[in-house]
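Enquirer: The structure's right below; bear with me while I get my questions together.
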Amino acid sequence: MEICNKSHWTDLSNSCVRDSLAAVAPALLVAGVLIASIPQLRRTLSKLGRPFADFLSYSEAEALLSEPHHSTHEEDQRASPWSPIFLCAVSLAISLVWLTLGCYRLVMDSGLWSGTRDILVSSTWLYAALRPLIWPFFSVPFDLFSLFTLHMLFSIIVGFGYVYDDYVYATPFPSTLETALFMGNAVAVAVLLAVVLNMRLTTSSEIKDYGVDGTPEDHTNLWGWMSFDWVTPLLRKAVANTTLTQSDVYSISPIMQARPLFIKFSRLRGGLLGRVWRANSRDMILDVGLTYVSIVLSYAGPFFLKHILDALDDTRGDQGPEARAIAYVYAIAAFSCTLLGAQIDLQHLYFGRRAAIRVRKELMVAIYDKALKRKTLSGAASNGHGQNNNLPAKSEASPSSANSGKVLNLMSADVSSVSNTVSTAHIIYGAPFQIVIATLFLYEILGWAAFAGFIVVLLTLPLNNMMAKRTSAIAKRTSAARDSRMGVLNELITAIKFIKFFAWEGKWVERVLSARTVELHWITKERVNSILFSLLGYISPVLVSAASFYVYIAQGNELSIGTAFTALALYSKVRQPFNTVNTFFSQLLRSKVALDRIATYLDEDEIDGQVSNLQRNPVDEEDPGLAIVDGSFRWNSIGSDTSNAGESVAAPIFNTSASSAHHDFELKDINIVFPEGRLTLVTGPTAGGKTALLMALLGEMTTLHGRVFTSKNSSKIDDRGLIRSISYAAQTPWLRHQSIRENVLFGFPYNDDRYRAVIECCALIPDLEMLEDGDATEIGTRGVTLSGGQKARVALARAVYAPTKYVLLDDPLSAVDSHTARFLVERLLRGPLLAGRTVILVTHHVDLVLPSAHYLLRMVNGRIETQGTVEDLRVRGILGTVAALEERELAAGSRERLVASEVGTVPGGKPIDVEKTALKKPRVLVEEERRAVGRIKWPTYKAYLEASSYWTWVILGILVFVSQFVGVGEKVWIKIWGEAYRMGGSLPAMQLSAMYWGSTKGQKALPASARSVAQVLLTPTGDQSTRWANMTFPPAEEHPYFYIGIYTAIALSAGLISVCAAIAQYAGGLRASRLMFEQLLNNVVRATMRWYDTTPQGRLLNRFSKDIETIDTSLGQTLRSISESLASLVVSLVIITVIFPLFVVPATILTYFYILIASLYQPAGRDIRRMESTSKSPIFSSLSEVLDGIVTIRAFSVEARFLDDFFKKVDAATQMFHMFWQVNRWLQLQLQVVNAIMVLTTTLFALSGYVSAGLAGICITSAISFTGDVYWVCRNWANLELEFNSVERIVEYLDLPKEPPTHISKSRPPAYWPSSTSTNGDSLLVVRDLVVKYAPELPPVLHGVSFSLRARERVGLIGRTGSGKSTLAMSLLRFVEPASGSIIIDGIDISSVGLHDLRSRVTFIPQDATLFSGTLRENLDPFNEHTDAECLDVLYRVHLLSDARATPNPRDSHPEITGGDDTRGDAEAKLEEATRTITLDAEVSAGGTNFSQGQRQLIAMARALLRHSALVILDEATSSIDMETDAKIQATIREEFKESMLLTVAHRLRTIVDYDRLLVLDKGKVVEFDTPLNLIHREGGIFRSLCAESGTLEELEKAARAKTDRDSLVGRS
């Protein structure tokens, strides 16, 4: 059987071939589907297709989300019943028609193949008819969609074939019957295709109502998906409404939600890269495959361009009707390929972006999950001072850099780097394929000359390799520098209040800027490397094309118009991957570094499964409750575990000399079983290991040997309703940024009776009564809105309220006054709330708590010195010895504690009205983060342009336009070159305009004898005024290399100009980065403390990380890109309009659609991106919060709850991020459709016959360039607004409420000010009618406070909670500005003095001592104003250091006290004590977490001693120091501060009873101000009542009287 006279199957001009393909192609598709359905083959294909399988299906996602299906929408869960019936009926009818026609042709002997062909078509329709019956479907049947699409495609081809045959060959149209059958078939196919397009993509049982909690992305129909019409309602809503809100944006699909993604991701095993691949292989493979299809379709443009230009080239001699008709066919084919390419681009970019979003969520949650499970390195100091400019790359492989700054940086920069690489990976793997396709195409038109350029490629490979290695190295250094900068910033933001106390802002700004300078140094190196890459990317394709043209000409070929412009278009396409692949290859290397950093972090050691409820290790049923058996522990350090614990590389704080090896603090020989259901008391001296013992129980220390039993199993509940878990109150309270009630509940169910009892027993009722919003009062970050005592009692209430069997309390009584402590002991420790619960209490209040305790444990130097039941110790006589020690400490002057911030607080009170508080809307402390509305305002653009210098953008604009005109010159030169072959001699230089306007006749040829360059280039003919118009070029046949040389020069010039533009942009961008960072830093540091109290740390970190990174990296590049695209767009439009003036008409119409599309896109894109920016802040705040409170979180076993909360935050951010890119996909599709119409219109103008082939080539290539430029202008303009959102957010923080000036030049105080020896000694500090408000609209906190203090006077400050003590102390340093009144220090009103002058002369020692990463010396003396000897001296004077020869071992002082398993001899103990010496070079970790709380307060006291201030303010400065040490400190204070006026907010009544005077505040007023003895004798006085409540009134009266007697003796002497 002969088919179509043996014509080739690609010869579509043959009607038989067209009809045959219309039958065979659908039949092959059906055959393939049927073969693939064979069970054996299906199993094989299933195995091969595993990478294509869904990593997470809808049903799995919904199951993991634990949400029931929406059975109420069962009627919507299936496709409409008429759809399958209609498809079946219509398909069957068409099948019968084709079968009848085929049989008719076979019978009538119209040809065997004709009948067979019709029967094949009938069989495909039969399959379509049976498909709904055999394999029912409820979503889109893609096999039928493909079948109907093929039928429609070939119906169009056959229809156009009829028109083509009639136009070219004058072949008559088919008969009326055949035409009717053809039209009927086409209509039927269109209808069936419309039915399928209206079907949903997924079965509705897997989706939800998007109007409630779903997204139309899940259940849109096929047409809505292909056109992205499901996005349009959101865009219209953005246009209709002024601003979109989060509720307007579609929620994210279940298959992209964080919980199900991470659960499945966490089950994967292997390396991080392999896990990421297996979790996202389907999307990535689809991205790869569709990218390659898109690349092939993108080269259809040059292919059709060549044939169109060949049809227009009148030198070829074949411009007949057939050539012209084929040109039109190619134009329509190019249009169709463009539309198909747009759809393919849409799909591959969607899958690539979805993979990127999934990777982003998987990594973000993995980092957060790791933060919940990894070992805390609180005992390990950093390896450096944060100032290392060399930043060795090997540090990147070490977990030592995984501090808070690095973890935050991993979450922001590194995750974004990996995610962006996944979404843009198609550029990397598509570029080689694109180059191969272009090369093969070039081979078709240039022959072997096309491969000549590969020599250039081979020559550039070593350079590429060298720069790739350099890029990787620089990326590591840049990441390390960014980590360092973020670490310093994190410390600065965390401790800003303490830094302001000491007026160290300048020093810290310098420290941050120093780290920033290192970062910018490496960013600059990145830019230089990027410029080198760009230069290579521009030069390589030019040299490749020049080499190919050279060889092509050398072979004796002539460069025709079609060949020239096609080659130009191909080399333009080759230039793009050459230019971009280097950039994105650099990005790939940076992402590899980022992924390695994340993998290193994820591989860090984790805590034991017994500690974390995320590890899910089984609990031993034989656990004896809480116990330690033969245990030795040390603080977690880098790489520490039980196998190599003795070889830790951490930097501990103890050594014998500055150069000797450090030794970690260790707990040794710990054997203890805590009695079940009883109170155990843990006591001991400062740094004795009390807190460390609790940390060991909580699993937060490294076990060297032995075993810890921690019975944590939240699923087990005893008969009292207590869960088998732990609650914990840390020594330094950690509170969440929530209300007081939410902090107390901590996620546990609300029980009204229990909640009221806890509030009462924790003495919180008076505090809640004083707070306007009661327990609904919002607590700021780290509890900044509460006093120290309030924070401690809220944390205590949280531990008590949790229905846990085990309660660990770390020194909560140190933060309350004596009568409140007694109240807590009586009502809480002995009350029903803790009855039957195992309570472990660390305290120095041994005498107060001992009657309530069942078991006593004394820790000294990391060992148990004494342990046993209280009764047993009493029988053995040891308890009496402990009592004797307490008596000696009391005699030393430190029996009773008194926290000044809690003095006078009455624990009892009327019950708080919880219902009333719940109904009242509380005030909001922290407002929701603001986001701008509408377009980015000009001041934002101006701020960046000024920071980068206007000259940068003037120069950049000039270079960009010059580059574009040079690019136009390249096209014009190709035209001149191609036409130079047909001139038979010289070619006029100005023939471009002459040819168009028909004035090319009469041009003179170049004299044949002219040989010099001047003669070749410039030969005037006629008048000098027409010299340029009459210049001629030599014939291309005689001077081909002249044209190659000019072409190469033009192309290289364009590349060099672009590189210069990049240099200008990078220089301006770096300048802007430096200046805006400095402005932001200085403004943030100078902001008021009130602003810090109301601003979450996450917002600051977001601006200093993500927003600054945007300015550092992409903002300048986007500005340059939009400049280039705008310039190219304008130039292209001018060229087309000049050549085709009538093009203005369609251009105007198309411009209207461009504007319409842009106006729909920009409001939604801008609003969604702004919401996405603000949605990141809660992520960073949550991570920062977890890093700060991880010990408490793990102790309560609430990691899963925090992880759930993080899932919601990530989903909220991803909701915006995902929808932003879907809106971008919509924009791309709409613009590509309009662009296709634009190119088709231009091509039809070119085919009209009004211009030559050369001008047509320029016109069409300009139109192609124009369409791309329009998209990138819209896209980059939107991106520009979105990236300027980062500038906008930074500019917002450039206008913060600032503190007064640091220096007032006209009012600088004398160098000696304030001085105890000045003439103002009798009134060194004078406060007159002081009224203070926190805000103008708030009521006063201090009311007319007046008093005067003398030089060298010691004054105690006392008052109830909320009485105004802290406000008064803050006012002395101008943290709060007075509404009226004045504060005068040594004769100078402090309102006239700069803040630095004031705070640097007045020493303030806050309650929470803060240390910074670095050395101990840097913490004592950051400005290097003192010698090492002076620094060591103050450490001795505060008893942080002691002479081992002069300091006896505690066992020598109290030999009768022995402990458990301690069998060391006195000589060994002395030797260890002698070696445990702190030096100035000891490393301090961030926050000083490798020192105990007591040690940190001692260091803070040492700082004060170094300053020698005449005015010293102590605010709760000794709350965590044991009584013996505190007695020594008080003696030091009396001795060292005797030349200073001392204002103390004290902790012990005994501490202030020997002061000169006491100042008692109540409700913001001074109510008592006299000597201690007079106040004790004042009947009904507040101070007397406090002394009476402490139970030591007589002793305090004696001490006060002794003080008075001493003063009298001194006065008489």
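Placed from the backbone N, Cα and C atoms, the Cβ positions cover glycine too.
Just so you know, TrEMBL annotations never went through curation; they're auto-generated.
From a predicted model like this one, the values you see are computed outputs, not experimental measurements.
Just lifted these from TrEMBL, have a look:
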type	residues	note
COMPBIAS	1451-1465	compositional bias 'Basic and acidic residues'
DOMAIN	293-590	domain 'ABC transmembrane type-1'
DOMAIN	651-886	domain 'ABC transporter'
DOMAIN	1043-1282	domain 'ABC transmembrane type-1'
DOMAIN	1325-1588	domain 'ABC transporter'
REGION	379-402	region 'Disordered'
REGION	1445-1465	region 'Disordered'
TRANSMEM	20-38	transmembrane segment
TRANSMEM	85-107	transmembrane segment
TRANSMEM	145-164	transmembrane segment
TRANSMEM	179-199	transmembrane segment
TRANSMEM	284-305	transmembrane segment
TRANSMEM	325-344	transmembrane segment
TRANSMEM	435-461	transmembrane segment
TRANSMEM	531-553	transmembrane segment
TRANSMEM	950-968	transmembrane segment
TRANSMEM	1041-1067	transmembrane segment
TRANSMEM	1129-1161	transmembrane segment
TRANSMEM	1253-1274	transmembrane segment
Enquirer: What stretch in 179-199, 284-305, 435-461, 950-968, 1129-1161 has the biggest tally of Cβ pairs under 8 Å against the transmembrane segment (531-553)?
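Expert: When the Cβ pairs under 8 Å are tallied, 435-461 comes out ahead.
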Enquirer: When you look at the transmembrane segment (1253-1274) alongside the transmembrane segment (145-164), do they share 3+ Cβ pairs under 8 Å, ignoring any pair fewer than 6 residues apart in sequence?
Expert: no
Enquirer: Restricting to CB pairs under 8 Å, which listed stretch, 20-38, 85-107, 1253-1274, is in contact most with the transmembrane segment (284-305)?
Expert: 1253-1274
Enquirer: Would you kindly list the residues that approach the transmembrane segment (435-461) from elsewhere in its chain, counting only those six or more residues past its ends and only Cβ-Cβ distances under 8 Å?
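Expert: Sequence-distant neighbours of the transmembrane segment (435-461): 295-296, 299, 302-303, 306, 536, 540, 543-545, 547-552, 554-555, 557, 563, 566-567, 570-571, 573-574, 577-578.
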Enquirer: Would the transmembrane segment (950-968) and the transmembrane segment (179-199) count as touching if the test is at least 3 Cβ pairs under 8 Å, pairs 6 or more apart?
Expert: no
Enquirer: What parts of the chain pack near the transmembrane segment (20-38), using Cβ distances under 8 Å and only residues at least 6 beyond its ends?
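Expert: Residues 3-4, 9, 12, 45, 113, 117-118, 120-121, 123-124, 127, 143, 146-147, 150-151, 154-155, 157-158 contact the transmembrane segment (20-38) from elsewhere in the chain.
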